[in-house]
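All remarks here apply to the structure that follows.
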Amino acid sequence: MILDYMVGFTRNTMLKTRRILLGISRSYTATAKRGVLAQDKSKIKEYSPKTTDSHEHRVYVWGFQETGALGLQTNVKKAKERYTEMVHHPTRLQFSNNNEITDVAAGYGFTVYAVNRDDGETLFGSGLNTDSQLGFQVKGNPNDPANLDVIIYPTAIKLPRVQGETDEDMRVKSMSAGRAHLVVLTQNGTIFTLGNNSYGQCGRSIIEEERYSKSALIHRISQEDICGKEDEVVQVECGQDHSMFLTKKGRIYTCGWGADGQTGQGNYHTAGQITLIGGDVEKEKIVRLSCSSDCVLALNEAGDAFGWGNSEYGQLDDSELAETQINIPRALKLTKSIGKIKDVAAGGSFCMALNDQGLVYTWGFGILGFGPFVEQTSKPQHLLPPLFGRNDFSNETTVVSIGCGVFHMGAVNSDGDLFMWGKNRFGHLGLGHKKDQFFPFKAAINGKVTKVAYGVDHTIALCKTFF
């Protein structure tokens, strides 16, 4: 048997050799080649991924859960159990599977979601509601309802309407949350403020000993009352206890706590009246505002940065005789060397900037991303691109947006990946542990990140699917 096989093998080999020597070989025309290659196309299986819902966005949450800010729990008893205190990994929010979420905002222990729904509800919230920052929420007997100070699952925040206002009018255009207050801008130019107004941060008069718990008060402001008929509000931004309003013409209006100069009104007083601010931004067209505590950064259309508020760690001025509190907007000299700026972010004691080349700069005090031995610098220093996903196989990857909370920072690259670093006491970096992270590290999120809301102890990511 073996002998027959060897004879047959030798014969075939000799025939092939003879054909080569005689120049005899099988050949195809170009058309025939294409026909041969395409003949089995019908057998190739096409991969069609199955998605659990048809919504454009999905939401992932992580960090401190005991406040209810993550909105993951539906059972009060389970929510009180110790093992549910923190969520260390990005976890998909069930609420986003059933609703089309268009925007997210994170306050100090609470979260707000802008949604598009058929029933006309446009705003939902979960988390701490001790100052009615999520509206008047009750349960139980309608005649004797129990007020909810903690909301464990996203619940509708009913914004008051006037006659003739449609669901489209009430869709959220911009929103931002502070320590215990919320500011919402709707499509028809109406601003709603909720929650604590101890410093005038809700844009209304301060009332001594006002009780904010169990309050049904939602303050309504027309944008005409802020900037007149010739302009319109396009962005709202909250600090810890103050609020800012940016208009289409690039003007900035502020109110609230001004002890560190964060209102930019030229003084250190609290202000319940919304006021136009000047200084170095007076003749500039500002396109972006950022604040998470009491230091403010602003960006004009030319890519120049401006700042005011707390500068105890040289965030706004690195000169020897620099003021630690700046009460009027100033053009930043220390950012002049980094080129045209695309984005800015202001944390509790540090600042960030992103230039038009996709380089991320950090300065101030804290975990800045340069390792455990660098905790303060008064000059902006850039973090290397490989820290944000650039490598030999993806050499065009660059950072497209930045952001930060009071103690942590983040950056999103062009691939939709989120990189986090900073303090991590509450697991709000989403890295699977509570240890501080000294370099940018990629968070494991099953989607392309489009926006991130950085709370003081939790993080919310708005994502699109990969397919």
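Don't overthink the numbers, they just go from 1 along the chain as shown.
Even glycines carry a Cβ here, placed using N, Cα and C.
So that you can see what the record holds, here are the features copied from TrEMBL:
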- 57-117: repeat 'RCC1' (REPEAT)
- 121-188: repeat 'RCC1' (REPEAT)
- 189-249: repeat 'RCC1' (REPEAT)
- 230-464: domain 'RCC1-like' (DOMAIN)
- 303-357: repeat 'RCC1' (REPEAT)
- 358-415: repeat 'RCC1' (REPEAT)
- 416-465: repeat 'RCC1' (REPEAT)
- Note on the structure: Confidence over the repeat 'RCC1' (416-465), expressed as mean pLDDT on the 0 to 100 scale, is 96
- Task: Name the range, of those listed as 189-249, 358-415, 416-465, that has the largest tally of Cβ pairs under 8 Å with the repeat 'RCC1' (57-117).
- Result: 416-465
- Note on the structure: For the repeat 'RCC1' (57-117), the DSSP helix/strand/coil residue counts are 12 helix, 29 strand, 20 coil
- Note on the structure: Helix, strand and coil residue totals from DSSP for the repeat 'RCC1' (416-465) stand at 0 helix, 25 strand, 25 coil
